[in-house]
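A.B. asks: Below is one structure. I have some questions about it.
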C-alpha cells in the first residue's frame, strides 16, 4: 500500500464551523487541521515515472496552503470491506491514464487535533463530528488503513430449524433479523416449509420479508376493512382504482409498472441515430410520472436518505415499460420544528427526540443537499417542491397529544418521456439472459423495505443504520445512457423487460422480474458483481446497493447489449436465465449448494390477506382565540414560518436548467423570487407543447377533518397547475402519496375517509384519474426519555402531484406582477365563498393553536368552474399574473406577488367578510389575478357565470409600500423591502449555517437593496437575424464532435444548439477515442459538454483532462486537433474545467486559470447576468457589450490564477470573453450576482487566436427563448445565445 499525501481538505470557514461544533459539544479542542490522504493498492511497485504520474493525477482542487501537521491523528476512511464511489471512479481514471499496476485507489481525511486530554466519551463525541459511522471508520494510524485492501473469505448461509423447533425458531429469527413478519405470515411460512419438508435458509426468509413487507406489498391498501362494526365494500386500493374506471381517458399504463404513463403530445424527439448523428424523430412523446417517499432513511441519515430517495425514483422512471427517459424532478419535505439556533420561534417548543434519529434542523440542512446532489449529478432538473414544518400539541380524539414529523416525509418524484412502442413490457423468452446492470453489491441498506414498514422505535438502532443505502449518481447516469441507447433503437430495443433494484435488493427485483414475465429463473449467486467478498449469500442477494437495474435480454441480443454497456462503461453481469417453470433457484458455486430453491408461489403467492377492524373518531378543538392577536405580529410570525417563508436555500442548490427543456422553474421574474406555482417543460426543442407538474398538500387539516385535508390537497394541486395552458381536467393525472400512523387510534378510519373522499367522490366528479401513488403507513416515532414514554405522531398526510400535458408553454402565467402593462386590477377569486375558516391554518400554528373548523372544497363544481374559466383566460392571454391562495392566506399570496414584481400594492378588502385576521389569513381555496383594468369586470363576470365568487381587491401602488385597507380604515402598511426581509430571514439563517456565511449575508443584503435592478438586457445585435442562414443553404453540414465522458449530462441540448446552427452534431464518447473507434480528424469542431465527469472525484474536469494527458492515443488525438489552424473548440462548465487543464496542448492558452470550488462552497444553480467582452473568440464576434442572463449550474466555477500577476496578464491579453455583471452593467463582485466569486467577474476566456473558448455558464440550455427563466416579451423563438452557435458556423464559411 502506497500512502500519498494530498491537499488540505477544509477551507478556513469549514474549519471554523467544525471548531464551533466542538465548542457547542464542550470539547477542549484548540485547533484542527485536515488534509486528504490517498491510499494506493498496487499489484507491483511503481517506477519513478509512474509514481510521478500518479502524484500528478492525485493533485487537484483549489490551492489552499498546507500546514505541517500537529496534534493527534484521527484518520477517517471508508468502512473496511466497502469500495467508495470515489474509489471506483478514481481507479477508473488511473486505468484510463495507463496505470494498470494500480489495483485500487482510496481516499481518507487525516484530522490533526490539538486539544487537552480527552475522556473516552469526549473522543466518541469528537469522532461523531468527524465521520459518518454508516460508511466510515476512524483509525489512529495510517498503516492500519491497509485493512481497506484485505479480502475476506465468503460466509455461508444459515438455516432456521423449523422442522425440529417449529414456530418458535421463526419467531426468534423474526426479531433478530428485523423481518417485520406478521403472525399470520409466520404461520404461512411454517406451513409451507413443513410441506416442502425442509428448513428455510436465512436468505429465503429475508427475501420473503422484503417481498411481502408493507413497503412492497401495500397490505393496508389491499386489506378488507370494517369500520365501527360495519364491513366496508371496497379496499383503499379499489377506491383509488375507481378513478381510472370512471376516467380512463389518456392513460396508457396504470398500477402495474414502475411508473404510470399518459398520452403526451407529438414532437420531434432529438437523439443520435445508431451512426451517432443527432436528428429529430417526429413521434408521440408520452409522459410517465412517478412520486416516491423515502422517509425512514432520511430520518436516520438525511443526506444519503434523500439522495437515494431521488435516485430510486429516477430508476423507477427509467425502468418503465421497456426503458424510458427521466426528464424533470421534484422534492418535498415535511419535518418537525427547525429551532434554528439564535432564531427559535415563539411557537417552537422543546419536546425532545430519540437519539437514533436526527433533528428536523439536521434533516433540512443535509437532506435537501442529498436530493439535489443526486439530481444534479444525474442530470435531471429539480423544478418543484414543498417544505412544511409542523410539530404541535393538539387536542385530538385521543386527548392532548404531540403531532408532528419526527419521522419526516421525504418526497421524490418527477416526469419523463417514453416511446409508444415501449410503454408495455415485452415478453421474457425462455432462455433469455437475466442481467443486473449497474454498480456492485455492497453490505448496505439491508432490510430497508422491512425497516421502513415499522414505526420508528420498533427496530434496533443498528438495524436502523443498516437499512440506509448510499448513493453514486454518476453510476446511475451511465446506466441511464445504456437504457437510452436501447430505447433509441426502437423496435430493435434489446431490453425485453426491466425493473429497478430498490427495497429488498436483488431478492425482490429478480423474483419480481421473472414473476411479472410469467417465468421462473435459475441464478448464480457468484455472478453478482460484489465489492465485499466476505458477504454471506443473504448479504449479496438482499443488500440494497443502489444504481442497479435488472432486465432480460434475448440471448441473440446479448452481443449488442454488451457493446452498448462497454461503450458507456456501465458494469453489468449475466446472473441468470429465464425458465418456463415458475420456480426460483439460486446456486452458489463457491459452496456448491443452493441457498434458494423455492416455488415462486411460496415467495409471492397467497400470503394471508390483512383485515382491519377499526373505530372512527372525531376531534373537537376550540376556535382560534383572535382577540389578543395583533395584525403586525401575525404578519411577522406567518412570514417567518418555514412553510410560508422564502425557500431559496432549498432551490439554488439544485440544477434547474439541464436538458435545455425547462420552461418554468421555481424562480420567477427579473429578481428570481421562488414563488412559482408549477413547473413546466417543453416536449422537445422543436415544439411549444410540453408538460407541467404541481403539488398539493394541506396535512395539518387532517387533525380536524380527514376528508377535508384530502380534498384540499387535490384542489391545491389543481389551483397550482391552473396557470399552465392545459385545457381540460382529463389531460391532468394525479399521483397520490399517502402517509399515516396505521394503528394509532382513529387514524385508520380517517385514512379510509380520506381515500374515499378522493377516490370515490371528488376525482370521479372532476374527471381526474389517480394512476400512480405510494403509501407509507408507519408515520409515528416512539421513545423513552428519562423514564417517560414519548410519541410524536404525524397527521394523516396526503401529498398530491398533478401532471398535465401543456398545449402551449408560452402561455404559462406566473405570480410576477407587471407594472409595464398599463392600468391593471387585482382580482380575488374566492372558492371558499367568504367562509374564512381558520382551522389548521399557518396563523393558528404560529400561535400554538389548531382552530376548530378546517377549510374545505364544499362543492366540486366550484373547482370545475374555476379551472375551466381560468384555462380559457390563460389560452387567450388575458391574465398578466396569477398566484393561488394557500399557506399563509391572502396576505402571503399578495406579498409574494409583490416580491416577484418588485412593486408595492394598494389593497382594499372592504368587500370581503370576516375579521381582519380572517380576511388576511384564512387558507380557503382561492387565487389572485392581475388583469388589465379594462377587462376586470368582464373577467369577474366570467367567474360569476361559472359560480365562483370574484372581487376586485386593489391595484399596484405608485411606491414600494404594501398597504391594506378596509374602506377608509388602514389595517396594515409596511414597505415591500421590510416584508421581504422578514420573509427571507429563515433562508438566510439556514444558508449561513450550512454554507459560507459571508456569501449568505451578501445575498440577504441584496434582497434588501431597493436599487437592485434585477436582470436587465442590453444587446448590441439583433437576435432574430440568422447570420448562419447563407452558409446553411450551401448544403453540406460541417461535422461537430459533441464530446462526453462518463458522467457528462448536458450533451443533448448542446447537440441541439449546434444542429440548429447548421452543424452535423455527432455523439462522441471518450471511450470511442481511447479505443480508436473515432478520430478527431473527422471533425471541424469539438465541444466538451457539461456535467460531472467521473463524478468530479479528482477535481471538476481534472480527471477527464488527465485521462487525455496521460493516455498516449488520446493525447495525440487532442494535440493534433488543437494544432490544426482550421479547428475550433468550445468548453462549457465541466468541459470548460476539463479544457482549462489541457493548457499544455492548446496553443495560445497560457493565461488561462483553473476552475475550482465556488466561494460559497456550494453547488450554485442561478440565472445570472453576464456581459460579453471584446475578445478574439470566434463564438462572440459581433456580440461585445451585450448584457443578458444565462443559466449557471456548477460547484467549481471559481477562476483561480496562480498569482495576482497571472490575473493581470490574462486581463491584459484581451482574451477574457465573458464577465458576471449586475443590472447596472457593473462588474459583479458580490454574491450571488457573482455566483462563484471569480476575480473581476470572469466566467469566460479564449485562446489568443479565438479558436478555443471556455465558459462556465450554459448557453446551450437557453438557446430557445422559452428555456429562459425570465426574458423580455419581445424575444422571438431564438434567444440571443443562439448567435454564439451561428457565429461558429459563419467562421467556417
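Cβ from N, Cα, C; glycine included.
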A.B. asks: According to Swiss-Prot, region 'Disordered' applies to one of these ranges: 282-304, 305-327, 328-350. Which one is it?
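C.D. replies: In Swiss-Prot, residues 305-327 carry the label region 'Disordered'.
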A.B. asks: What does Swiss-Prot list, out of 677, 686, 852, 916, as binding the same Mg(2+) as 716, 720, 884?
C.D. replies: 677
A.B. asks: Determine the Cβ neighbour count for residue 313 (ATP binding site): the number of other Cβ atoms within 10 Å of its Cβ.
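C.D. replies: Residue 313 (ATP binding site) is surrounded by 32 other Cβ atoms within 10 Å.
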A.B. asks: Looking only at 305, 306, 307, 308, 309, 310, 311, 312, 313, 314, 315, 316, 676, 886, which the record lists for ATP, tell me the maximum pairwise CA distance in angstrom.
C.D. replies: 33
A.B. asks: Take the Cβ of residue 309 (ATP binding site) and count every other Cβ within 10 Å, whichever protein chain it belongs to.
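C.D. replies: Other Cβ atoms within 10 Å of residue 309 (ATP binding site): 28.
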A.B. asks: Take the Cβ of residue 305 (ATP binding site) and count every other Cβ within 10 Å, whichever protein chain it belongs to.
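C.D. replies: There are 27 such Cβ atoms around residue 305 (ATP binding site).
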A.B. asks: Report, in whole Å, the straight Cα-to-Cα distance of residue 1133 (active site, nucleophile) from residue 676 (ATP binding site).
C.D. replies: 27
A.B. asks: What are the helix, strand and coil residue counts for the region 'Disordered' (305-327) according to DSSP?
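C.D. replies: So the region 'Disordered' (305-327) is made up of 14 helix, 3 strand, 6 coil.
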A.B. asks: Averaged over the domain 'Glutamine amidotransferase type-1' (1040-1293), what pLDDT does the predicted model reach?
C.D. replies: 97
A.B. asks: Within the chain of residue 1133 (active site, nucleophile), which residues six or more apart in sequence place their C-beta under 8 angstroms from its C-beta?
C.D. replies: 1050, 1089, 1090, 1091, 1193, 1194, 1197, 1256, 1257, 1258
A.B. asks: For residue 315 (ATP binding site), list the number of other Cβ atoms lying within 10 Å of its Cβ atom.
C.D. replies: 30
A.B. asks: For residue 1260 (active site), which of the three DSSP-derived states applies: helix, strand, or coil?
C.D. replies: helix
A.B. asks: Determine, to the nearest whole angstrom, how far the Cα atom of residue 307 (ATP binding site) is from the Cα atom of residue 1260 (active site).
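C.D. replies: With distance taken Cα to Cα, residue 1260 (active site) is 27 Å from residue 307 (ATP binding site).
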A.B. asks: Quick one: what's DSSP say for residue 676 (ATP binding site), helix, strand or coil?
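C.D. replies: Where residue 676 (ATP binding site) sits, the three-state DSSP reduction gives coil.
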A.B. asks: Round to the nearest Å and give the CA-to-CA distance linking residue 305 (ATP binding site) with residue 1260 (active site).
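C.D. replies: Here the two Cα atoms lie 32 Å apart.
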